[in-house]
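I have placed the structure first, in the form of structure tokens, so that the comments after it can refer back to it.
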Amino acid sequence: ESQLIIKERQQTTFQVEELINLLDGGKEKTALRRSIEQTILSDPLMKTDKIGYLTREQKYVQSVRRMMYFFTDLAKRNKWNIEDPHCPEMLFLSRSLSSVVAFMIHMGAFVPSISSFGTLEQVSKWQPLAKECLIIGCYAQTELGHGTNLRRLETTSTFDRNTQEFIVNTPNLSSMKWWPGDMGKSANHAMVMAQLITNGENHGMQAFIVPIRDMTTHKPLPGVEVGNIGSIMSLEDTDNGYLRLNNVRIPKENMLAKYANVDRSGRFQQTGNNRLMYASMMNLRIVLTREQMIHALQKACTIAARYSCVRKQGSLTPNGPEIPIMDYVTQQNKVIPRIALAYALDFTIMEVRHRYVQFLADVTRGDLSNMAEMHAISSGIKANASERTVAGVETLRRACGGHGYSMASGLPYLLLSVTGSCTYEGENTVLYLQVARYLIKTAANISMGKSVDGSSAYLAENTEARCSATSQEEFYDHSLLDACFKHRSKQLLQSVAMDLQGLLAEGKQQMEAWNLLSIQLVNSAKAHIERYIVATSASFVRKLNCSLKVKKLLNQLCSLVALHQITNFPGDFLKDGYLDSHQLDLARKAEVKLLQSLRHNVVGLVDAFDFRDEILGSCIGAYDGNAYERLYDYAKNDVMNKNDVHEESYQYLRPHLHRG
Ligand SMILES: CC/C=C\C/C=C\C/C=C\CCCC(=O)SCCNC(=O)CCNC(=O)[C@H](O)C(C)(C)COP(=O)(O)OP(=O)(O)OC[C@H]1O[C@@H](n2cnc3c(N)ncnc32)[C@H](O)[C@@H]1OP(=O)(O)O
Ligand SMILES: Cc1cc2nc3c(=O)[nH]c(=O)nc-3n(C[C@H](O)[C@H](O)[C@H](O)COP(=O)(O)OP(=O)(O)OC[C@H]3O[C@@H](n4cnc5c(N)ncnc54)[C@H](O)[C@@H]3O)c2cc1C
């Protein structure tokens, strides 16, 4: 173990194990997670070859082999509960598997969609088959021509009264399904989202289970053309596919009919709120935020923090001893606010998940009153967490200098794989605009004197016109910081709501006015979600039952998240004079002081994320801090170094070198 990292751990002021337990949700949960990780990582059939040395095809094959074994054997043998995406086992499993892998969409989207859209009878038919991997499914919503605008999906499913079948068709190039994970090579069934047509009438998007490959030969079924869409930016363990359906007939029972059904004569009946067809996307947005985005940020923080403590460069005195780069305040400003953000997002998503589980129970009782708010929160948190994670991982990668550019650091892989999360499961701008839609409606309700509660209640509160802070210390106070975020959000919303009214009064159409103001609308949505994160994480910490040392530390992290936003994006806080430039200076000084106070706990804070080296996959971020030894070993093992002289050298170099 590097002496430098040992020294860092000696400076830690709190019990790391206490914080680990807290993040896991208790001592027992930590034990469960560690035993899951141990089982997975010690099983020879779950081993991965070094990912950097595999071809795209080898990565896919390896992933299919591992994951089929995992779902059909290992998870069952260990009786892990992987039924519910929100149960602890499922949360811990995705950590151990450490990337997007084969059958994630099958288990994470196809299986849950059966119960989201299916009747009890349909669930009891399809779910056991899918859970046992007796069928492999994908979630086929996006088309070549449309991903966001679901109303304009072109795939049709037309009811044939004579045969009591649906005819599923992708009538043209742009209507073919494009992107679904697990579809390219693995899936034999697809959950196809298509326009339902009965008796010549279009009833909008519904879900249909369409067999696409033969269950014996795995060849495409008649009328089906299916394949892989080709190389993508990352996530090469999976097979994103395309699918053309040429009037493929499926039985009437394959339309999932929880919220709408078609009788034998083709009469359509809506039995539930049609927005519930969209609501299933909330689940994946919440799951992905924790399982992919926050974990990626936590891993990148772990790598950059440990490396910054063992990397020495330069000194703070002329000809003095070299210091760890973590001692530079600029380096602290790159690493520590990201650690703070990783904690704040984790605390926030725990609360969101808790609320979502309650929301599901409400829906079962027929109560949809919280749907709009839940949709706004899940969309906003997904967009904000992915955006800040991708930016954060890139900052942390650069914070590792040259070694951050090497695949050996693990950082480029994290960055490439998490980048997609800004696009999939709802493109971020589009999701922010959904939040804005909710906010504008809320503003209208407030102006009509209606009461608002939950996460937007503050929009109806009276707030001070000026921030009251006169000292640095006040900028650590959560209620003062929350007031800054509330004010920013309120004034951005009020201003865009007024502009919208103005444009409508001028005679602009609603959608045109909306488009003209969409930059402001997105900013307003971001401000609302950032306030939600600041408030939710602080209140989560307030309620924690933990030691004073840990509480103090977590309170500092919450303050830092808020302060870092204010000092880096001060414009909207200054705009209407809520903060003045003197207060901004105080906030900046408060931030630097906080960075220095957190400095000696940096390694402890990332150790508490408790990522084993095998999961981290980084030469520079391993627990023992032996970065250089590992980098050297990595280089020695490069396939290019198999022989001292590369064959190509004989073929192309030697003839030229001997010309003279
Ligand atoms: C462990 C991990 C497990 C598995 C994962 C592993 C790997 C993951 C890798 C990749 C996964 C990627 C999967 C996918 O990408 S699947 C495809 C996802 N696609 C999308 O997200 C499409 C985005 N588009 C939309 O959501 C909508 O179409 C739209 C943007 C909302 C526009 O539709 P439109 O009908 O025009 O909407 P509006 O008129 O704006 O709204 C109508 C009405 O509905 C309400 N609404 C909209 N969305 C929802 C929702 N999700 N839930 C609840 N309600 C919703 C909206 O608020 C409005 O209500 P009003 O009352 O205001 O009228
Ligand atoms: C790795 C990966 C895995 C995926 N897996 C699946 C899967 O399993 N199943 C599946 O069905 N799909 C999947 N997708 C597709 C994904 O859900 C869509 O790509 C995503 O929803 C975005 O839609 P789009 O591609 O149509 O983007 P577009 O909507 O074309 O976005 C392009 C640009 O247009 C802008 N834009 C679009 N509409 C508006 C608007 N109304 N207002 C303002 N701006 C707008 C966007 O902000 C963006 O800047 C996956 C995608 C990726 C990258």
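The chain as shown is numbered from 1 upward.
Each Cβ is built from the backbone N, Cα and C atoms, and glycine gets one as well.
Curation plays no part in TrEMBL annotations; they are all automatic predictions.
Annotation comment: TrEMBL describes Glu425 as active site, proton acceptor. Residues annotated as FAD binding site in TrEMBL: Thr142, Gly181. For 16-136, the entry in TrEMBL reads domain 'Acyl-coenzyme A oxidase N-terminal'. What TrEMBL records for 138-248 is domain 'Acyl-CoA oxidase/dehydrogenase middle'. Sequence annotations record features per position, and here TrEMBL assigns domain 'Acyl-CoA oxidase C-alpha1' to 278-440. Feature annotation from TrEMBL assigns domain 'Acyl-CoA oxidase C-terminal' to 480-657.
Positions of TrEMBL features highlighted on the structure.
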residue	record	DSSP class
Thr142	FAD binding site	coil
Gly181	FAD binding site	coil
Glu425	active site, proton acceptor	coil
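Just going by CB pairs under 8 A, the stretch in 16-136, 138-248, 480-657 that sits most against the domain 'Acyl-CoA oxidase C-alpha1' (278-440) is 480-657. Cβ environment of Glu425 (active site, proton acceptor): Met281, Leu284, Arg285, Leu288, Lys382 lie under 8 Å away, each six or more residues apart in the same chain. Under a cutoff of 8 A between CB atoms, and with a sequence separation of 6+ in the same chain, the neighbours of Thr142 (FAD binding site) are Lys177, Trp178, Trp179, Pro180. Along the domain 'Acyl-coenzyme A oxidase N-terminal' (16-136), the predicted structure has mean pLDDT 90. For Gly181 (FAD binding site), applying a Cβ distance below 8 Å and a minimum sequence separation of six or more within one chain yields Val100, Met104, Ile105, Ala109, Cys138, Tyr139, Leu235, Thr238, Asp239, Asn240, Gly241.
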